[in-house]
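Take a look at this one; I'll ask things after.
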Amino acid sequence: MKFLKNVLEEGSKLEEFNELELSPEDKELLEYLQQTKAKITVVGCGGAGNNTITRLKMEGIEGAKTVAINTDAQQLIRTKADKKILIGKKLTRGLGAGGNPKIGEEAAKESAEEIKAAIQDSDMVFITCGLGGGTGTGSAPVVAEISKKIGALTVAVVTLPFVMEGKVRMKNAMEGLERLKQHTDTLVVIPNEKLFEIVPNMPLKLAFKVADEVLINAVKGLVELITKDGLINVDFADVKAVMNNGGLAMIGIGESDSEKRAKEAVSMALNSPLLDVDIDGATGALIHVMGPEDLTLEEAREVVATVSSRLDPNATIIWGATIDENLENTVRVLLVITGVQSRIEFTDTGLKRKKLELTGIPKI
């Protein structure tokens, strides 16, 4: 016990030393690190994307610039962001895209130079929107194409509509998804319909609120995995190794405040209806373990070991652990499983698992 007490006291002294007694060389190194830190921009397209940007801005997102783009001037006025861009001023006159993705696309092309200027110095660009409407569905692929052309690692985090929103909206979403696939390194898809499997019989208003929460947590969790100092830090090169050409990706989110909180949180994430794929064939995984001040390294390792045991031995796994003071006694796990496109097919009613055809097996 005395040994442990001494270790804790020495650790406390070391923290004080790190904060108070930096040499000129150390300060120079810190300044250099700040200058060379990966520049990350989050772009919210359309109504759902703007809502996400506003929430991220209000809650605080560490180490990222926020940009909101829209064809609707009124929505943009209500949005909080570091940079706002009203796209397609000549085309829509600030009145919106009327649910037409083609108008959203043309509006983004009209404002391409302004979009490019807003993300020009970015090493990584996150694009977020709710697919199915006009502005987000139409503009997000244009933003992604611009991002790729400037050499940024380009990741989109998007939602698919609820089935109750109608076939036209779902058809728009699937077409937008196909265009996004062409211009993104990794495309993270959140099928809203699957939320009903998590919370059955949700009222309509609550369903949309839950969808927004999932989108916000996914974007924030991904960004802060890179930008936020934590127990285990992940650098940009690590993330790039998983997300560069990561293809289609799915997420799983779980949390628990029980005695076995880490075990239960990762189990929930792996069994999340949102992660509706066979992950054994995935090419990579990003794992973000979040928890309060008493989050232990052993808990983080337990999460990673559990996920690793389910993946192909050749899959690239990157993980990090950060402290979130808002998570009182709760461990939250965010999984992003990449390279799952071979298991998924796109239909006008959403994403479906492909039926695997078994060959060489005699019929009985």
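Just so you know, glycine gets a Cβ as well, placed from its N, Cα and C.
According to Swiss-Prot, the record shows the following:
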BINDING   Gly47, Ala48, Ala97, Gly98, Gly99, Gly134, Thr135, Gly136, Glu165, Arg169, Asp212  GTP binding site
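Burial and contacts for the listed features, if you can.
Same-chain residues at least 6 positions away in sequence with a Cβ under 8 Å from that of Thr135 (GTP binding site) are, in sequence order, Cys45, Gly46, Gly47, Ile69, Asn70, Thr71, Asp72, Ile87, Gly96, Ala97, Ile103, Gly104, Ala107.
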In whole Å, could you give the widest CA to CA gap in the GTP site formed by Gly47, Ala48, Ala97, Gly98, Gly99, Gly134, Thr135, Gly136, Glu165, Arg169, Asp212?
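Per the listed residues, the maximum Cα distance equals 21 Å.
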